[in-house]
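Here's the structure we're looking at; comments come further down.
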Amino acid sequence: MLAGEETSIDIVQRWLQRRGSDDIETGSSSGSPGARAGRRSSLALTPEDEPLVDVANRSPPPAPIPSAIFYAPPEPLELLCVFPERASRVCAAACNAVARAGGEARSVRSAREALEAFRRDLETRIPHVVIVDARQPQIMDSTLLARAIRGLKNTQHTILIAVVKKSAYLKDDFAVLPYLEAGFNRVMVETLGSTAWCAEVLQARSAAASARAQVAAVTALAAAADRCRDLVAVTDDQQRVLLTNKSWCRVVGWRPDEGPRSFAETIGGEGLRLATSGARDWDAPVLLRRRASPDPVLLACKGAAVSLTRSISHIVFVCEPSNISEVERGRGSLHSIRRGSLDVRSVASDGLRRTSLAKLQGLPLEAPITKVISLLSTATEGAPPCTVACIERAVDMLRTSELYSPQMREDPKMRAEDPIATDLIGALLSGTSNVLSSRRSSNDSTVVRSQTNRSNLKHKQSLQTSGQLREILDTALCWDFEIFHLEDLTRGRPLTHLGLTLMGGRFDVCAALECDERTLLHWLTIIETNYHAVNTYHNSTHAADVLQAVACFIEKDRLKNLLEPLEAAAALISAAAHDIDHPGTSSAFLCNARHSLAILYNDVAVLESHHAALTFKLTLNDDRVNIFKNLDRDTFKSVRHNVIDMILATEMTKHFEHLAKFVNVFYAKSTGSKEDGMHTDEPLSLDTTALTSQENVILVKRMMIKCADVSNASRPQKFAFEWARRIAEEYFLQTDEEKAKELPVVMPMFDRASCSIPRSQIGFIDYIIIDMMEAWSAFIDMPELVTHARNNHQRWRELDEAGVTTIADVKRAQRQALPPSTSQPTAEE
């Protein structure tokens, strides 16, 4: 008995109504998968919108589709029978019925053969009707076969018929439901009558032909709209734009692959009010908001509402493009740019070149920067001379191809006061040197593993961690996480333990990647093994520190709501492997030494390219560590793209480019500059509306891993001091090697005899950290990043004024800053 007051008839009627409305929405057959998940809703009316027409007594649709367009070309009936029994009389009866109807029938004996027949004939000979024997589920799972067929391309209009036993069919009122849910269109009781089968297959063929004709008609109308000059947009009943033609996309700035969006984002004015009021058709102006321009365009619009039921299902907007012709002519097209700088008559005298340029100017080629230059040029008309001079200077800067290339400010006073800091920033952000005087030996190859690391491969991680280790891992999402204490407890292998805690536990990367925890453990082990333990800074402890920072960022509400589970997993993977196999020297050093990696990657992003490539090489070479092995092709491609993009984003030569793009997209722009005397010191206001674009989400992920990579100066003081000591020691070793091998010295300020550690950190915080952390902390609401950075900056200034310069001095200052229980000298000291 059914629970509640509903009867079986009520449930069946409600279920059939839901299926019918879904079929109208999707335009697919009732058995196609996913067709039953739709939802109907009426147009939402704003409180101030009053209907201008009598909604209850609407007229018929203004433009019914003529029946002549529903044309289905005659095709011979194609039948495929799937019967495990070799000499099935039911199968023979169905085949005979198709032959009498002038069609062709084929039979196979297994689900595998049926799917192979579909894949083989997918483009040329798709069966119109498929009859599946569902009488013996122990021999063949008919519902599983139906789902597999529905998963193939171009099978939504194939009619699936399940043959069941009469006894099973009659004993249950809802016996057909499992078959319909699996993708079958009809269920038929076994029969040997050719007449019954003939009627069944002819009805099924007619239904399939009608559905195909409807889809073909809709496709033809969409193609006609796409090629017309008017701007056409079609919405659904939830006020989302579903279909736009090329003219609409070109003017508004949409791309067809961006998916549905609310038309209120683009359309405004009287036309929008009439559309939401329930009017059947109207002629009214609309305001189109364009992505590339802050000023909307007023266009004449003819609209119509379409309904297949009592409520409106679609709204059509058709805008006349006449009012935008002048705007299009002056918004920065190739024609407007070349008009003042190129005389076609001076190029060629035979007219051939003029024709080519005319065709080129007619192409829909337009870059955002050309629009900006055109708008700035237009702004000079009637402007004061000082403003014209500033705009012309801005246009000259915009015409360069390196808009985001970092350049040190030409400030002699600054260079004279702090040459070490400015030289450090210049070395970090500059390209590689072309002065090549020698070559590193093959023993320095970053791919060769030391004997110590080889022996570490044999070490198995113990799952029974000590109580002290469990206690510290419980604080893995705290910004003052004791990373160096974890390094000591794990004997220099913090990445595997922290990775299992964060990736395997808190963020459940295994579920996102569909892998088991043992595979993740093996992956973390092989990744950590390929970090160089001999490096003082770029080792697995640094990787664990960056992983922990990324985890802290992802835990914030802004990113928690923004990133999908696979995106979060890709971010954690990128953080763990972002410096794998780092040799302890910079890319510029490898290029000057003519290292094999520099040769391989053409001196461009050498280390970052190697980190990304080696990550996937180690992962994909062994199924025991391949955390991606269960992902389908498209998902793996997406995850791989995310991981590579984030690892490459850690390249410091692109620092200002990534930061400038992030600030330009997510923060309100201030006008002018300090040089022009028009700069304002008002704080930038955060603008999160740009998060709807996938391209801008990529900027967020790049910024996230960049901030995590250089977060040392934004950590509490005891951690910042230790990281500064470690990076300085690694830079000293590189300078020593450059001098010993007579290579160009990339960072001459890091000479053991003359370097000031506090000054280098002051410059690094001033030029790299503060601006970036202020932008990032406001975005994710994490003010402690800026607080720690400013406190560390102040402490380094105090040490500089006290005459602290060397690593030994920094160690003493660090011990003085630590509590008594942790201030004992280490064995290394």
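Indices start at 1 and increase along the chain as displayed.
The backbone N, Cα and C atoms fix where each Cβ goes, and this holds for glycine too.
The number of other CB atoms found within 10 A of the CB of His538 (active site, proton donor), across every protein chain shown, is 21. The active site, proton donor annotation in TrEMBL covers His538.
Around the Cβ of Thr541 (AMP binding site), the number of neighbouring Cβ atoms within 10 Å comes to 26. Taken from TrEMBL, the feature AMP binding site covers His538, Asn539, Ser540, Thr541, His542, Asp579, Asp709, Gln761.
Long-range neighbours of Asp579 (AMP binding site) (same chain, six or more residues apart, CB within less than 8 Å of its CB): Tyr531, His538, His542, Ala543, Val546, Leu607, His611, Thr650. If you look up TrEMBL, you'll see His542, His578, Asp579, Asp709 marked as Zn(2+) 1 binding site.
Taken from TrEMBL, the feature Zn(2+) 2 binding site covers Asp579.
What TrEMBL records for 435-455 is compositional bias 'Polar residues'.
Under the heading domain 'PDEase', TrEMBL lists 461-803.
Taken from TrEMBL, the feature region 'Disordered' covers 20-59 (among others).
What TrEMBL lists as region 'Disordered' is 435-462 (among others).
Per-residue confidence over the domain 'PDEase' (461-803) averages 88 (mean pLDDT, predicted model). Between Asn539 (AMP binding site) and His578 (Zn(2+) 1 binding site), the C-alpha separation comes to 11 Å.
Rounded to a whole number, the distance between the Cα atoms of His578 (Zn(2+) 1 binding site) and Thr541 (AMP binding site) is 12 Å. Residue pair Asp709 (AMP binding site) / His578 (Zn(2+) 1 binding site) shows a Cα separation of 9 Å. The Zn(2+) 1 site is defined by His542, His578, Asp579, Asp709, and by the 8 Å test on Cβ atoms against their centroid, the other residues of the chain that qualify are His538, Ala543, Val546, Ala575, His582, Thr650.
The Cβ of Gln761 (AMP binding site) has 29 neighbouring Cβ atoms from other residues within 10 Å, across all protein chains displayed.
Listed in sequence order, Ala543, Val546, His611, Met646, Ile647, Thr650, Ile705, Asp709 are the same-chain residues six or more apart from His578 (Zn(2+) 1 binding site) with CB atoms under 8 A from its CB.
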